[in-house]
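A quick write-up on the structure given underneath.
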């Protein structure tokens, strides 16, 4: 029903799309993609982005570090990561911002500002969506409450399904694509999944309320109030996009800071550098140009729980990856595989694909008959080390709470949304 409701939004073009990991969400389904024609009454809807604005994934690749070499040191590495990575609800981050002026630099500069302040290297920005910074951000469109929530959380993982996971490449499907990505069987990687924390949540809350009140002024009626929306070109639409871009920059800076904390751990414990393969959001609305009915049109592409998947030779790709397409990073669960895919030509869903396994049990259902300690012990028997802040949080994220990620990936591959490159298996997981 949510996919059908999205299809009624003013200005929608082509279709309302559901990715293979689709499940129920706020307004839009999670795993939903829709684009609206910016110049023909197209709207923007915060429900099409979600509360965790710019939630996304980045993958770090261990330079010359093999799974067998890491294995004896893995417990020590996980203990160090446990201490180095702030996480949990309301947790303070690794970067203590001195004032709101510095926060505003983060909101407009994203990962680029973090790198300029010494938290990373220039190559990191080449491997980030939009070079690590989304243009059009305006902190003036953000409430004091949202700014206050963001001030103390930069450089923290959060809770829920957010994680930092040490992984190893288990299988390579496309050696030609895997080579420039630095992926070979046994290669150690680190996947980071988090977003814009309380700041992004508050921005969504604020602008949904504003749009609910504003829709009448634009003559808009929607079948579900959670689909509150306004024209992209309206003052309300522009205000949301400016605030959303600021949250996107916060999310990118957040992952950049966690990257540096992880690099320090690996440098100290293994002497191995970690190179960034790619960083991409899966909760975002972006103004893009796509062919619509034979003409190039400016459209607002909503991707909620959906990963951008650019094809080979797209102008936004870094030169080293242009021939193979954008790396698409799709995590599984604590006990299952994650995947690296690559974008393909001909993707009908505005170059979008799945973003994860897709939840099938609510957090309450998942935790009802399972203890976090039992899950931790079960995973330990399989050689997977879990470090969490709460037993309930681990129980809520048990592998059985999600769809079979292998099936989600196969559906993405077979339907022409992306192609499989490599399969990664978990070695250790830091959970919020």
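Cβ coordinates are placed from backbone N, Cα and C, and glycine is handled just like the others.
The Mn(2+) 1 binding site feature in Swiss-Prot is assigned to 52, 55, 162; the stated evidence is similarity to another entry. Residues annotated as Mn(2+) 2 binding site in Swiss-Prot: 55, 193, 282. The GMP binding site annotation in Swiss-Prot covers 161-165, 282-283, 331-334, 338, 355-358, 431, and the record cites similarity to another entry as its basis. Residues annotated as active site, GMP-histidine intermediate in Swiss-Prot, with similarity to another entry given as evidence: 355.
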_residue 52 (Mn(2+) 1 binding site) to residue 283 (GMP binding site) - Cα separation in whole Å_ = 7
_Additional residues around Mn(2+) 2, ordered along the sequence, whose Cβ is within 8 Å of the centroid of 55, 193, 282_ = 52, 56, 57, 162, 194, 195, 281, 283, 355, 356
*Looking at the binding-site residues 162, 193, which one has the fewest other Cβ atoms within 10 Å of its own Cβ?*
162
*Determine, to the nearest whole angstrom, how far the Cα atom of residue 355 (GMP binding site) is from the Cα atom of residue 282 (Mn(2+) 2 binding site).*
6
*May I ask which of the binding-site residues 55, 193, 282 is closest to residue 164 (GMP binding site) if we compare their C-alpha atoms?*
193
*Entry from the binding-site residues list 161, 283, 333 having the most other CB atoms no farther than 10 A*: 283
*Rounded Cα separation (Å) that holds between residue 193 (Mn(2+) 2 binding site) and residue 55 (Mn(2+) 1 binding site)*: 7
